[in-house]
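Marked as region 'Enoyl-CoA hydratase' by Swiss-Prot: 1-190. Feature annotation from Swiss-Prot assigns site 'Important for catalytic activity' to 118, 140; the stated evidence is sequence analysis. Annotated region '3-hydroxyacyl-CoA dehydrogenase' per Swiss-Prot: 306-714, in sequence order, evidence recorded as sequence analysis.
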C-alpha cells in the first residue's frame, strides 16, 4: 500500500502554488527521510509549470509548522557514514528548494524547529504568526547534534554570525517579534491572514536579504571573526566543561563556512553531523528525549482521570505561590489560595504578578493576557470558594499533625470527590492519610523549587490511593507543564533519597579537609549544573538537611551526616543564600549577588581546608553513592522503571544529561566496573560504599538496565 503523502501541491487561480505539510496520523509534523521523494516530485511539477508566480509552504496542523526531523532516523544509522549521508540528503533537498526560479515563502504558525527551520531558511522569505505558540529555533545541540540540513551555513548569513551562534549553541527558541527584529522572518501577522500574507509576498520578486547590522558585518570579517570565535569558544568551554562535543563542532563548522565558503561549510556540516550522531553523548541525550516523551504520554494508571475544572492551594509561601502560578498560567485553571495570614495571599499573588510582568517587559506577553491570567488567582483566609474545587494542593509547613489537620478540614469543607495532594518532601503519604475519611483521595504531589523552572514532579500514592486519583494528579501535573514520575511512598521518595548521600559525602569531604570550591568545581566538571555545596546553599541549609534524620531512621547508618557538622552550621545562623551566609557569603542583591567561600566555615566544622583529592576522586565519591541508591530504588520498586529513574535524576537534580541518567551511566561504565569502584571505595572510606546486592548480581552476569537502543528497556 502506498504511503499517504505528507506534502500536497495545489495551484491557485492566481498561479501561486501552495504546498501543504501534513504528516498523516501524527500530531506534529516531523521530517522523515522517505519524504524526500515526495518533495522532489513536487519540485519537478513546479519547474515544469512555467505559469507559476510563486510557492508557499504551509502546515495543516493546528499548532506546528514542522517540529524538526524524526529523531528515530538517526537512531537507525549504524555508522557515522550513514548519518552523514542522511545530512547530505537533507542539504541537497533544501538546495533544490532554494534553487527554484520563483519566490518560495514559508508560512509559519506554531513550532518551527530544527529541520523545520532549515526548510524555512531554504525558502526565499518567511512570514509567521504573532501567536505565542509560534517559536523558531535550532535545538539540535540539546540532542548532542548540530543542524545537518544547511542550518549552520544559512542562518549566520541571514541574521549575522554572533546572533546565529547564540541560537545554534544554546538551542534558543525565538518568538515571532524577536525573529522579525533579527531579520529571521520578513513579516509577522495574525493567524487568520497568514496564508494571504505569504501569498502576497510570493507574488513579489524574491525578498532581498536586508543588510546586516554594522557589528555583525565587522564580526563576519577575518579580524572580527577570529576575535568572536576565540571569545565564544572560551565562554562555551566554561559553560560545557568540555562535556558536550557538539558545541565545539558547531563553532568549527560555522567558522569553516565563513572562512572557506558555503561548499566547504556544507561538507563540514554533514561530516560533523555524522560523527556527532555516533557519540555516546548524543546517544544519551537522545535517550533522555525519548524517555521524557514517553513519560509525558504515561497516564500514571489504567483508570480514566476525573474532570479538572478548578484547584485550591493551602499555604501562600514560596512553594504555594509557585504552584498557584503554574496552575493558573500554564494549566489555565482557576486557583483559590487559602492562607491564615493575608500577607501569605499577597505574597502568592505578587509572585505570579512578578513572573507575568517580567514576560510583559520582555514582550513575550501582552498586558491584557497578563491580566486575564492573574484573574484566575484569588485568595481567602478561610474555606470560602473551596466547596467545589476538584483538587487541593497542600503546601504548608512540614509537620505531620498540621498536614493531617489539613486533610480533615478539606474533607469537611470541600466536595466528596475532591482530591487532597500534599507537597510534602519528607513525610509518608500513608501517615498524612492515616485519619482521612476518604484515604483513596489522598496523594503526594512533590514539586521542586523554584516551581516555575523545575520540570519534574513526583507523584506519590500511598497503599490506599485509588487509580483514578493517580491518573487525575498526573493529568494536572502535565497541564502545569511538568514531567511527572509516579514513585512509591517510602522515605525520601526517589529524588531526595538519591540526592542525600551525594550531599552527605560532599560535607564529609569538607570535614576531611577538601575545600568548598574544589568540591563544587569537581562536580560541575563532572557535568552537574552546580556543585553539591552550592546546591545546599541555594535550597537552604535548614531545608536541605531536614530530610537527613528521616532517611537515617528509615535506612540506617549509610544516610548519617558527619557528626555535628550540620548542627554547627545551623547554630551559627547559616541558611545559605536566603539569609546571605552559608558555606558561601553573599552580597546585598539577593539571588543576583556574587558569592565567595566564607573562610570561617572551616574552623566552624573543625576542618583545615587543605585537601589532597583530585577532582575526579571527589566526583567519584559523591556520584557512586548516588548510583548505588538509585539501584536500590529500582530493587525496592520506589520507581516504576529505570526510565523514570533516569528522568527523575536529570530533571529533578540536574544529573548530567549527556550521561543519560544514573542507569544509562551505569550501563556505559558496566555494572561490574561500578561494583569494583565501590568495593575499592568501601575499603578506603567505609561500608557506606558497599555495592547493593542487585548491582553485584548484575555485574557478575554482565547485565545492563537498558537495551542497546535509546528507547527500549531491558
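Yeah, the Cβs are placed from backbone N, Cα and C, and that goes for glycine too.
Distance noted between the C-alpha atoms of residue 140 (site 'Important for catalytic activity') and residue 118 (site 'Important for catalytic activity') is 11 Å. Counting every protein chain shown, the number of other Cβ atoms lying within 10 Å of the Cβ of residue 118 (site 'Important for catalytic activity') is 29.
Counting every protein chain shown, 28 other Cβ atoms lie within 10 Å of the Cβ of residue 140 (site 'Important for catalytic activity'). Mean pLDDT across the region '3-hydroxyacyl-CoA dehydrogenase' (306-714) comes to 94 in this model.
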